Amino acid sequence: MGPDGRCAACGAYQQPAAAPVAAAPAGYGYPPPPPAPMGLPVGGVDLRRGVRIAVMVLLSVCVLVALLHVAATGQQRSAVQDVISGGFMAMDREKINDADDFARSMTILQMLSMLVTGVLWVIWFRRMRLNAEVFAPGTHRFGSGWAVGAWITPVVNFWFPKQMANDIYRASSPAGPQSAPKGLLNAWWTVWLASMVVGGIGTSMYQSANSKIHASVGSDPGDALDTLSSSLAVSGLSELLSAAAAVLALLVVRQLSGMQEQRAMGGMPPMAPGMAPGMPYGAPAPAQGWAPAMPPAMPPMQPGGPVPPPYGAPYGPPPSAPPPQNPFGSGPAGY
């Protein structure tokens with residue numbers, strides 16, 4: 001082989017070696033594309049929060065009004081105790097009238113707040129029942145109409161609403177019907193029933209005390225006043241139980257609504273504000289107005305460097321045509 005690349009025996013030139021192919025640039029560490037959408041809210045599930053928020057606000061108002069009613073009942077009982085201990089001669093009529101006016105105003109306010117709260121509660125409860133039907137159709141013991149009727153039908157309103165709530169909890173549990181967390185629900189229903197029973201006892205005792213007071217005109221009303229004082233104490237206990245039941249009901253609204261949101265999202269907890277798909281665990285949250293990051297631009301090629309072939313092209317340059325051959329097989333070309 002001569003220095004010019006020509007074979008001394010045949011006069012053929014050596015084929016040029018293929019140019020080396022540049023290595024593909026290393027991958028860039030940009031976030032992967034977001035996964036395919038999954039766990040979107042199922043059709044027919046109403047996840048609007050307006051009614052839920054209104055119910056929670058009104059339940060908070062009911063707690064405040066019940067506590068004020070406890071204070072009013074305490075003032076009434078204090079005035080009655082003054083009469084019992086000092087007799088009618090030591091009775092402070094102004095104190096008694098003020099206590100009665102305060103208790104009367106709190107009773108009216110409590111009735112109004114419970115009426116408005118009850119209407120919104122039934123609307124929210126029926127919405128939860130309709131959502132539960134989407135999650136587990138055909139597994140409920142009562143139709144959706146009973147979500148309203150169960151609360152206003154005498155006698156059965158002591159257990160029908162609880163049975164419906166049990167079915168809703170089982171259908172809405174993201175972990176399955178056997179894992180429905182019903183401890184809070186049971187506590188609320190127990191306290192709610194206790195408040196109604198104790199309130200009924202207090203009302204009965206109050207009416208009995210009033211009857212005794214009117215019947216004891218001209219005689220010693222000591223026994224009637226004792227009954228009146230006891231009835232006010234029982235009524236105060238009933239109001240405390242009502243306040244506790246309202247707090248537990250607020251927690252039930254929050255828990256059940258959260259369960260249905262999680263169930264509608266396919267069992268995944270709702271994404272926290274500021275999080276974005278495709279972010280590695282522990283990465284800082286992006287700023288407001290986040291948009292999916294685009295891959296960084298490839299660095300420019302150095303001048304004079306090898307240019308990689310286009311996609312689909314064979315590696316290396318095409319082979320060049322061989323130079324003219326020596327017809328005599330030896331000697332310089334063109335001899």
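Any Cβ shown, glycine's included, is placed from N, Cα and C.
Listed in TrEMBL for this protein:
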- 294-326: compositional bias 'Pro residues' (COMPBIAS)
- 90-257: domain 'DUF4328' (DOMAIN)
- 294-335: region 'Disordered' (REGION)
- 53-72: transmembrane segment (TRANSMEM)
- 107-125: transmembrane segment (TRANSMEM)
- 187-208: transmembrane segment (TRANSMEM)
- 228-253: transmembrane segment (TRANSMEM)
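Only sequence-distant pairs (6 or more apart) were considered; of these, at least three Cβ pairs between the transmembrane segment (53-72) and the transmembrane segment (228-253) are under 8 A, so the stretches are in contact.
The average pLDDT for the domain 'DUF4328' (90-257) in the predicted structure is 91.
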